[in-house]
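J.: Here it is: the structure, laid out below.
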Amino acid sequence: MEMKGKYLVTIILLVSTLSVGMCSNRWIRAHATFYGVNDSPASLGGACGYDNPYHAGFGAHTAALSGTLFKSGESCGGCYQVRCDYRADPKWCLRGAAVTVTATNFCPSNNNGGWCNLPRHHFDMSMPAFFRIARRGNEGIVPVFYRRVGCRRRGGVRFTMRGQGNFNMVILSNVGGSGAVKAVAVRGSRGKTWRQMTRNWGANWQSSGDLRGQRLSFRVTLLDRKMMTFLNVVPSSWWFGQTFSSRGQFH
């Protein structure tokens, strides 16, 4: 079957765009550093908005991503398998070692040719994660390969209620599957329609309307287009600052 060139290019571009958010066996070259020698867990949530990666279900293996990977918060909660390029740097890389990290922060660009500048692919990793793939004594930069992988989480998806009054915001954490949330809709027990939420920043999603005193259900779509509905996951007695876990989970 003959295919015109412009249509072939369009299909290739579409497939490439979709593969960015999905699990992939293709290894991509990047670089990695580490941060936070003495940082407390509460200080590592960063631009995704997770107050504490441990409470969010992510543990110690987290990373801040360069802008090319962070995508204005779209990658928050996503999982990446990272391995050091031993052939390129046998002095500092551990042979055959790999670690899976969760994206919880943003590594900003600077004006001095920094490693997180566009269009570079860079991971600024937590110290425990970094030294799973690199030798201790190295405080510099190592070449790595990475790929998107599925997130293995314990327990259900966590919904933390934020905002005030008529301003409703929820942060999703401990999300399995691809881990990165593409869309969220909410429905109160007094209504029959789903309200589409918008990304406020990072992993925080907002909607208008007063939902206090209602049981809340959420419809969550991941970057790989998997969708789950969590009915009445938040009881009517909820209040801002509380976190509720679902029984179901993405796989």
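Quick reminder: no glycine exception, Cβ is built from N, Cα and C everywhere.
Note: TrEMBL annotation is automatic and uncurated.
Checked TrEMBL, it gives:
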SIGNAL    1-23  signal peptide
DOMAIN    45-156  domain 'Expansin-like EG45'
DOMAIN    166-246  domain 'Expansin-like CBD'
J.: Can you tell me the mean pLDDT for the domain 'Expansin-like CBD' (166-246)?
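T.: Here the mean pLDDT over the domain 'Expansin-like CBD' (166-246) amounts to 95.
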J.: Tally the residues of the domain 'Expansin-like CBD' (166-246) by DSSP class, grouping H, G and I as helix, E and B as strand, and everything else as coil.
T.: 0 helix, 44 strand, 37 coil
